[in-house]
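As given in Swiss-Prot:
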- HIS81, HIS83, HIS251, ASP326: Fe(3+) binding site (BINDING)
- HIS81, HIS83, HIS251, ASP326: Zn(2+) binding site (BINDING)
- ARG90, TYR153, HIS186, GLU254, SER331: 4-imidazolone-5-propanoate binding site (BINDING)
- TYR153, ASN328, GLY330: N-formimidoyl-L-glutamate binding site (BINDING)
Amino acid sequence: MVADVLLTHFNQLFCLNDPGHPLTGQEMKKATIVEDGYIAIKDGLIVALGSGEPDAELVGPQTIMRSYKGKIATPGIIDCHTHLVYGGSREHEFAKKLAGVSYLDILAQGGGILSTVRATRSASFDNLYQKSKRLLDYMLLHGVTTVEAKSGYGLDWETEKRQLDVVAALEKDHPIDLVSTFMAAHAIPEEYKGNPKAYLDVIIKDMLPVVKEKNLAEFCDIFCEKNVFTADESRYLLSKAKEMGFKLRIHADEIASIGGVDVAAELSAVSAEHLMMITNDGIAKLIGAGVIGNLLPATTFSLMEDTYAPARKMIDAGMAITLSTDSNPGSCPTANMQFVMQLGCFMLRLTPIEVLNAVTINAAYSVNRQERVGSLTVGKEADIAIFDAPNIDYPFYFFATNLIHQVYKKGQLTVDRGRIL
């Protein structure tokens, strides 16, 4: 087979043997590092991988040849938890955070999520589209090729649908692949204050059926937290969503452990998000149910908290984990997955191999794209992040700098030295 594109002489390729399930425990610690590696691409797919000189049959008169001495290649990075589409910003809350006002106290004062809800409700489709596109561009320039994007800053049907429509439009227009999550249960809207059950009934009866009918989202999520939605309320919504055919996620054990992990395990959610306050019993329940733990260390950093999710304990117990940005305007205003990956080492005490497994193959399972992306594997799409680094440890050791040299998306050179092509 003659390749369309042949990428050769990488210092290292980060490869793994996909076992057919998210990596857990000791599997997280393993990878195949191919020295002097090459990748052959045809019709947007990886058709060959190896070390040294490529087979002659891969090279034809039209084959594009590129050498990458001094560089490494990983699968395209996957950010599997973002609140991508929103209006406004919340830098006016930053001084309050520095003064020690808590996230929940800011929310109780009408700030936080509710502040962004007001800004998003008043934002036009075009405003939200352009703002979200800029964030996606930034992500792409940092090596991200697939992104999960939630609604949840509307808390009414008109705005929630506008957010989902923006995600759908960007999925068509932008190189990054987007996976949509419906999260109208992100907070209790002011018009339903004191009556969350009534709001959940509106979501279940009036919103979820339309989202499903129009295929606007693949996943459903809820914020199970003190002063937001209880475990029983979360169970009520997610069980109805599951009956309608949605895959499930849940924000759980972020600030307080109130039973969200139990709901995730009972309903076999694909992932449970945050988990800073998870207990040993909670870890065991998620392992038993096969739920992926999606950890968001940049949120802990941004909130200036000391309690990071116990990633080391999770992996050693046999749990599958991913890492994501939680990109949002309040608790985590960043879109930089490289920073998150570095926090995975510095604050969660993970190794570079564990972090790379978390943000590639496990993240692919978390967004139900494991058949297409998440590993440098023959037959998968050629989503490739190329780092200006001599080995896989270097992008973690040399922190706070964008080391992306190039990005390939479905076999097309999409980013070249800081420019989107």
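Just so you know, glycine gets a Cβ as well, placed from its N, Cα and C.
Within 10 Å of the Cα of GLY330 (N-formimidoyl-L-glutamate binding site), the following binding-site residues from the list HIS81, ARG90, TYR153, HIS186, HIS251, GLU254 place their own Cα: ARG90. The distance from the Cα of GLU254 (4-imidazolone-5-propanoate binding site) to the Cα of ASN328 (N-formimidoyl-L-glutamate binding site) comes to 15 Å.
Under the DSSP three-state reduction, HIS186 (4-imidazolone-5-propanoate binding site) is assigned to coil, being neither helix nor strand. Cβ neighbour density within 10 Å is lowest for ARG90 among the binding-site residues HIS81, HIS83, ARG90, HIS186, HIS251. Cα to Cα, ASP326 (Fe(3+) binding site) and HIS186 (4-imidazolone-5-propanoate binding site) are separated by 13 Å.
Ranking the binding-site residues ARG90, TYR153, HIS186, ASN328 by the distance of their Cα atoms from the Cα of HIS83 (Fe(3+) binding site) places ASN328 first. According to DSSP, SER331 (4-imidazolone-5-propanoate binding site) is assigned to coil rather than to any helix or strand.
Residues TYR153, ASN328, GLY330 make up the record's N-formimidoyl-L-glutamate site, and a Cβ search at 8 Å around their centroid adds HIS83, TYR86, ARG90, GLY112, ILE113, THR116, GLY152, PRO329, SER331 from the same chain. In sequence order, HIS83, VAL85, TYR86, GLY87, ILE113, THR116, VAL117, ALA119, THR120, THR159, GLN163, HIS186 constitute the residues six or more apart from TYR153 (4-imidazolone-5-propanoate binding site) in its chain with CB-CB distances below 8 Å. According to DSSP, ARG90 (4-imidazolone-5-propanoate binding site) is assigned to coil rather than to any helix or strand. If you draw a 10 Å sphere around the CB of GLY330 (N-formimidoyl-L-glutamate binding site), it holds 24 other CB atoms from the protein chains shown.
The shortest Cα-Cα distance from HIS81 (Fe(3+) binding site) to any of the binding-site residues (ARG90, ASN328, SER331) is found for ASN328. In sequence order, THR82, HIS83, TYR86, THR116 make up the list of same-chain residues 6 or more apart from ASN328 (N-formimidoyl-L-glutamate binding site) whose Cβ falls under 8 Å from its Cβ. Taking CA atoms as the reference points, HIS251 (Fe(3+) binding site) and SER331 (4-imidazolone-5-propanoate binding site) are 13 Å apart.
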